[in-house]
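Q: Questions regarding the structure given below will be posed in turn.
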Amino acid sequence: WRSSATCKPWQSGRFLPRLWERCQPPSRKGINTTAGQGQQVGTQEKQVLENLEMPLARRETESLFQEQPETGNQYLEDALLRSYLKTHLPPKVLEEVDQDLERFGNRLLTKIRPLGWECELNPPVFRQYDAWGQRVDQIVTCSAWRKMKEIAAEEGLIAEAYERRYSNWSRLHQAVKLYLFSSCSGGFNCPLAMTDGAAKVIESLGIPGSLKNAFDHLTSRDPKKFWTSGQWMTERRGGSDVANGTETVARKQPDGTYRLYGFKWFTSAADSDVTLTLARVADAEGHVKQGSSGLSLFFLKVRDEEGKMNSIQVQRLKDKLGTRQMATAELWLDGAKAELISAEGRGVASISNMLNITRIHNVIGAVASMRRMISLSREYARRRVAFGKLLKDHPLHMQTIARMEVQTRGAFLLLMEIVRLLGLAETNMASEQDQLLLRLLIPVAKLYTGKQASAVVVEAMESFGGQGYMEDTGLPVILRDALVLSIWEGTTNILSLDVLRSLTKSQGEVMSVFFSTVQKKLELASSAAKLEPAVKRMRVAISSLTRFMQAAGSKGALTMELAARDFSYSLARIYTGTLLIEHAARPDASSTDISAARRWCNQELCPAATELENSSYEAEEALQDSALVYEGSPAHGSRL
């Protein structure tokens, strides 16, 4: 997009900016994409070159002639999504949701995707002072970003989950719309994640009177009323350790409100209307309590009624690798007026609802980025000619995309399982077992799909050859934005430890629920002959995981900590594989459903058991880990 082209760098219904179109003659012809017509395609490719009536001097600098991949209505082209909805939604709900998603898919194609590209081209700008030297701390966003906010309201991308028109299926309907919206949103999916999280926190508190107005704004379908929310947690010490990293102090005022003082080092969606944040309440002597029990949760408006900053100073906007479309800032809170909304000292517990929602949004973004890249890759394979035939006619190329497709299908079904369980919980229809399973699967899915997304997007980028590396194709944007998914809302290791906490908190009951759920799903598929090898491998993996649990449980805390990552991967692979088997066991399942389940189960399903057998989790190995890392460094030989 650094080109000086005078034409708009996007076209309705297209993914890639067509900056080169201005120099193409009207006589350019496409390449026939009929399968198996390698020789014919080669002839047509020559004909295309012969038809290019341009001087040799120009041809030397503008000689790359490839058809860009074109995708249509995302909903109509997503076979797995449509088959899942047909299988699970009640007929009346399916009829209405299907119509809504087809309409939304058309809007994405013609209106929203071009706006998303415009957001990428016009990132937010920080204007600290006006022309007369007055400090204004204004974050200027582009018109497309503001239009995205209006569209989010109109489409009910937050409201859908809280109106509950479809009872327990409302959350799934919302998640599917967000899944379709994510890769076209120009980064606006991120503020929506935090807005959804804020609404969830307020709802979990019973929507107290003082927050009723805020809740109505956060869940509004009216673009003029709709608010977005930030989530201001990270401070100068940074990271996930909010218990020890939060320095912000809250001082109570005579009117019962609080004033916040502190530095928020990483505030996503800094242009939002409101935010939730953590702080330590100071007592009469000005002392605060340290640790997580000293943290309380606050709600505040970013600007006052006159539009002035709420005693908040913007230090700078972050210069990020990706998600550049969204303003992320460093903020000084210098007496920001706020409302205490949790019980004093219960901030971490109260914010957990927000974290669960934002982690699910992270999964949505991960699956959406994988699906988007595969959609483009498969379309490109129908158009790109190499070595005399289309890419789709090269078996190795198709095998590579197929492997990515299996990963994406598994991730999608895991996402749907989580939002299905969440929908049950939100409508008081979830059993205790459902709630335990949801608590376990959220961090498992977040950590695993984040890693999947990075791997799949990089692999898919490679399928475009050198074009995948070019900024003006838009492909690097998808890669950059995907890389945050394994970092935001907890890194892989942090979430792996959270998985262990869910075991400890339930005293191991969650694993009993996990095993029984998986076994029930496999029983339903046991009569399908074509799935027999996959079911057999899955049962072997379950036995291996059971043995791992027994052996690791007798070895102490260090073993489980060292195994946390592999253990979480094992849970993800086993549960996802079971979901793929379940989907493939449907009476109307396709051969591709069966193939996806079989291929998923051919990978190593329980790496934790394998590594335990390899003695990877012994104390001696932990010492050797440090020795390997620090050999040759100044720290080598010191006590680490």
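Yeah, the Cβs are placed from backbone N, Cα and C, and that goes for glycine too.
Taken from TrEMBL, the feature domain 'Adaptive response protein AidB N-terminal' covers 71-203. The domain 'Acyl-CoA oxidase/dehydrogenase middle' annotation in TrEMBL covers 231-334. The feature domain 'Acyl-CoA dehydrogenase/oxidase C-terminal' is assigned by TrEMBL to 345-503. Annotation comment: TrEMBL describes 509-630 as domain 'Acyl-CoA dehydrogenase 11-like C-terminal'.
Burial and contacts for the listed features, if you can.
A: Taking the domain 'Acyl-CoA oxidase/dehydrogenase middle' (231-334) as a whole, pLDDT averages 92 in the prediction.
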Q: Which range wins on Cβ pairs under 8 Å with the domain 'Adaptive response protein AidB N-terminal' (71-203): 231-334, 345-503, 509-630?
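A: If we count Cβ pairs closer than 8 Å to the domain 'Adaptive response protein AidB N-terminal' (71-203), 345-503 scores highest.
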Q: How many helix, strand and coil residues does the domain 'Acyl-CoA oxidase/dehydrogenase middle' (231-334) contain under DSSP?
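A: So the domain 'Acyl-CoA oxidase/dehydrogenase middle' (231-334) is made up of 7 helix, 49 strand, 48 coil.
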